[in-house]
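Sharing a structure, written as C-alpha cells. Questions coming.
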Amino acid sequence: MAYLKIVLVALMLVLAVSAMRRPDQQDQDISVAKRVACKCDDDGPDIRSATLTGTVDLGSCDEGWEKCASYYTVIADCCRRPRS
C-alpha cells in the first residue's frame, strides 16, 4: 500500500510540474535544432586532440550530407557536409 501512495504522489507531482509550463514554451522547444558534434574518421586518431567536424544525425544523414564515420550505429550516424 505504501508503494501505491508513493506512485500516486509522484504522478501528481509530474502532473503539477507539467501543468506549470507556459503553452508558448512548448512551441519553442520543438523548433530549436539541437546538434551534437562527433568525430569523423579523418579528424585524427585521438578523440582528445581531434577537431570534431561531424554532426550526429538521428537515423541517417540528411539530404546533402555524407556519412563521415566508418563505425555503424542503428540509432544515429556521424555526418557532415561534403567537402569541395
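Cβ atoms here come from the backbone N, Cα and C positions, even for glycine.
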Of Cys40, Cys61, which cysteine does Swiss-Prot list as the disulfide partner of Cys68?
Cys40
Which of these, Cys38, Cys79, shares a disulfide with Cys61 in Swiss-Prot?
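Checking Swiss-Prot: disulfide partner of Cys61 resolves to Cys79.
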For Cys38 (disulfide bond), which of the three DSSP-derived states applies: helix, strand, or coil?
strand
Could you tally the C-beta atoms, other than its own, that fall within 10 angstroms of the C-beta of Cys79 (disulfide bond)?
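That number is 20.
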Do you know offhand how many angstrom separate Cys61 (disulfide bond) and Cys78 (disulfide bond) by C-alpha?
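Just about 8 Å between their Cα atoms.
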What does the structure give for the C-alpha distance between Cys68 (disulfide bond) and Cys79 (disulfide bond)? Integer Å is fine.
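Between the Cα atoms of Cys68 (disulfide bond) and Cys79 (disulfide bond), the distance comes to 5 Å.
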Across all chains shown, how many C-beta atoms besides its own are within 10 angstroms of the C-beta of Cys78 (disulfide bond)?
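For Cys78 (disulfide bond), the count of other Cβ atoms within 10 Å is 24.
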